[in-house]
Amino acid sequence: MKITILSLFPSIITPFFENSIMKKVISKGIISCEVISIRNFSDDKHKRCDDIPYGGGAGMVLKAQPISAALDYVNARSKTTIFVSPSGLKYNQKLAYDLSKKDELVIICGRYEGLDQRIIDLYVDFEISVGDYVLSSGEVAALVIIDSVYRLLEGVINPNSLLEESFSCECGLLEYPHYTRPYEFKGLEVPNVLLSGHHEEIRKWRFMKSIEKTKKNRYDLYLKYLEMRGENDGFNKKN
């Protein structure tokens, strides 16, 4: 897979590719990454890439010209192009899996009030939000997508580990709690079932803990789990 990132501030992105795991994945040829400065494509003599919005309003908008030139340079129309934006499709594990099957991704990092809509209309395949909050940097959101995608590529992580992660099993539950040595820590002990060596009992315990954790932390996913099983939780509200 190749990932190309278009950014006003490449220095935010590049250190990520120097961390030990990512560097190893790149050296193996599993993934290649390129960070391109949008400013290099601006036709403004001062390399300015933003302007005031038509119709008025606060903040500045990223201009179409430099981003269009950068996208044409990387031949974005033949690749899967993403714009990270708080108004985009909410990101989830399924979308991460879908993106991991693509050969090439181009990610546009937003800034300021947003991006000229004509770039989205002309080039963008997916407008993606990483959550219901606003970031000052599209680069941070781009790194979330990159990190969630590359770890799904063959040869990066043991496939069995991926199957047990939150959001990854067919039932959509969160992952169960984990424990390691020592057995006792500040008065709290490891659940005895995990020391029993009884694999079926351990599996059942982990499954029940996944249900409990999902109900507590992600009630929306818990309701989806019940719906999938054809069940309900009585009055359809938290207990």
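All positions are counted from 1 along the displayed chain.
Cβ coordinates come from backbone N, Cα and C, glycine included.
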Of the candidates Gly110, Gly172, the one that Swiss-Prot places in the S-adenosyl-L-methionine site of Val130, Gly131, Asp132, Tyr133, Val134, Leu135: Gly110
Site with most surrounding Cβ atoms, counting all protein chains shown within 10 Å, from the binding-site residues Gly110, Gly131: Gly110
Longest CA-CA distance among Gly110, Val130, Gly131, Asp132, Tyr133, Val134, Leu135, per record bound to S-adenosyl-L-methionine, angstrom: 16
Spatial neighbours of Leu135 (S-adenosyl-L-methionine binding site) that are distant in sequence (at least 6 apart) but have CB under 8 A: Pro86, Ala141
Around the Cβ of Tyr133 (S-adenosyl-L-methionine binding site), the count of other Cβ atoms that are within 10 Å: 7
List of residues, in chain order, with Cβ under 8 A from that of Val130 (S-adenosyl-L-methionine binding site) and at least 6 apart: Val84, Tyr91, Ala141, Val144, Ile145
